[in-house]
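Below is one structure; the comments refer to it alone.
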Amino acid sequence: MAARRRPRSAVPRRVATLSVHTSPLDQPGAGDAGGMNVYVVEVSRRLAERGIAVDVFTRAVSSDLPPVVEMSPGVTVRHVSAGPFEGLGKEELPAQLCAFTAAVLREEAQHEPGHYDVVHSHYWLSGQVGWLARDRWSVPLIHTAHTLAKVKNAALAVGDRPEPRARVIGEEQVVAEADRLVANTADEARQLVDHYGADPRRTLVVPPGVDLDRFTPGDRTAARRRLGVAEDAVVLLFVGRIQPLKAPDLLLEAAARMLADDPALRDRLQVHVVGAPSGTGLEAPRQLEQLAAGLGIADLLRFLPPVHVELLAEHYRAADVAVVPSHNESFGLVALEAQACGTPVVAAAVGGLRTAVRDGVSGVLVEGRDPADYAAAIRAVLARRELLSAGARRHAGAFSWERTVDSLVAAYTAAAEEMAAASQRAVPGTLLRPAWALGGVRALGAQVAR
């Protein structure tokens, strides 16, 4: 007989957040850490501030990591041992999902039934784990994809590998089973419906936010002084992981075109790249250095490692323009952070960047991949920088993590109420399971049986 569960409130008391492949404790801008890490950190902190406890489950990548870390009051990061600590690429993680899921279920089994009220999974790997946890705990699964394989494969960069069929199938399963699908933008919501057959009634748009207390306008001259940048320099800034998808090479080609059109810029133009290698293909700083040398702009290129948020804000303030030339972005938090600091953005007119940047008001969106078009857009921003800077601040001010969390809590509550109502009408039947778990569910259930 199943254990008796405590009565649930529709408003959650505790959320199990799943982030299998990357930890909220990792430094964004390196390896697999990026905007999703920022999202998990900011949302978790603000949920905790509202009295909703959060446990973040992530795969341990070192034996030195403590099993449990209090990230902030009310937010606990739980490092799960699942497979070798080191040497596993993201594409190898599906084989570790059974072990990861077993550990998550064991943790919940140590508590009174009904310990978690909601599961919120991030990325498709976590969604597969969340699907099984949802069925076992009888709680709603909220899923945020962050990126979608079908969309990424339609916009592959040179040197990048297509996402495997297994991921596509896994995403389709999670989309079919999640109680709510959270899309960053209306474009992403349409992609979920059109490419994955998502139920529009369960798909909601919740834009990410920006920390408006940390990313603020400031004195550009003072920021440059602190960073050792000449006051009269023209600084083009790229922030993010150095990988084909992010296309830092396109920024270098645009800078070379600017110099070809105006050689007098050579003494002032600088290209700052803040980030570290990730992914495949054109990923190493050395390769970007070789490209810069071939373009004749090696002396303009400056690499900086990923930095803490306070110093990152200084880099945004010191820049004339932030450039986000990605092949695709589900949103583009970097663009929003730059604008919050008063720095206008030149970005690709793709995906969520069409929402993150307001064309002609907070920056310029560029159609296509022609470096000449990017060079022209950068020049246009430089010519109107003060006006666009004011527009950037106003635009970013409309996005806050508080609004994001307002919408998420409403989604959690609505999904819980819907599940409670459905349970009154339920007819016993067979639950589907994730494909990777078929054949292993009985053993997994035995490991976590109460």
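Placed from the backbone N, Cα and C atoms, the Cβ positions cover glycine too.
What Swiss-Prot says about this one:
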type    : residues                                                                       : note
BINDING : His21, Asp32, Ala33, Gly34, Gly35, Met36, Asn37, Lys90, Tyr123, Thr147, Arg167 : 1D-myo-inositol 3-phosphate binding site
BINDING : Gln27, Pro28, Gly35, Arg241, Lys246, Val307, Glu329, Glu337                    : UDP-N-acetyl-alpha-D-glucosamine binding site
BINDING : Tyr316, Arg317, Ala319, Thr343                                                 : Mg(2+) binding site
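Shown on the structure are the features that Swiss-Prot records.
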residue	record	contacts (Cβ under 8 Å, 6+ apart)
Tyr123	1D-myo-inositol 3-phosphate binding site	Ser19, Val20, His21, Met36, Thr144, Ala145, His146, Thr147
Lys246	UDP-N-acetyl-alpha-D-glucosamine binding site	Phe238, Gly240, Gly275, Pro325, Ser326
Tyr316	Mg(2+) binding site	Phe215, Leu237, Val239, Ala322, Glu337, Ala338, Ala340, Cys341, Thr343
Ala319	Mg(2+) binding site	Val235, Leu236, Leu237, His272, Ala338, Thr343
> Around the Mg(2+) site (Tyr316, Arg317, Ala319, Thr343), what further same-chain residues have their C-beta within 8 angstroms of the site's C-beta centre?
Replying inline: Arg220, Ala223, Leu237, Ala313, Glu314, His315, Ala318, Ala322, Ala338, Cys341, Gly342
>> I'm trying to understand the geometry here, so how far is the Cα atom of Gly35 (1D-myo-inositol 3-phosphate binding site) from the Cα atom of Arg241 (UDP-N-acetyl-alpha-D-glucosamine binding site), in Å to the nearest whole number?
In response: 10
> For Arg167 (1D-myo-inositol 3-phosphate binding site) and Glu329 (UDP-N-acetyl-alpha-D-glucosamine binding site), what Cα-Cα distance in Å is obtained after rounding to a whole number?
Replying inline: 18
> If one measures from the C-alpha of Val307 (UDP-N-acetyl-alpha-D-glucosamine binding site) to the C-alpha of Asn37 (1D-myo-inositol 3-phosphate binding site), what distance in angstrom results, rounded to a whole number?
Replying inline: 14
>> At 10 angstroms around each C-beta, which of the binding-site residues Arg167, Val307 has the fewest other C-beta atoms nearby?
In response: Val307
> Rounded to an integer, what is the Cα-Cα distance in Å between Glu329 (UDP-N-acetyl-alpha-D-glucosamine binding site) and Asn37 (1D-myo-inositol 3-phosphate binding site)?
Replying inline: 15
> Where Arg317 (Mg(2+) binding site) and Arg241 (UDP-N-acetyl-alpha-D-glucosamine binding site) are concerned, what is their Cα separation in Å, rounded?
Replying inline: 20
> How many other Cβ atoms are found within 10 Å of the Cβ atom of Glu329 (UDP-N-acetyl-alpha-D-glucosamine binding site), counting all protein chains shown?
Replying inline: 27
> Quick one: Cα separation, Asn37 (1D-myo-inositol 3-phosphate binding site) versus Arg241 (UDP-N-acetyl-alpha-D-glucosamine binding site), in Å?
Replying inline: 13
> Tell me, how many other CB atoms lie within 10 A of the CB of Gly35 (1D-myo-inositol 3-phosphate binding site), whichever protein chain they belong to?
Replying inline: 24
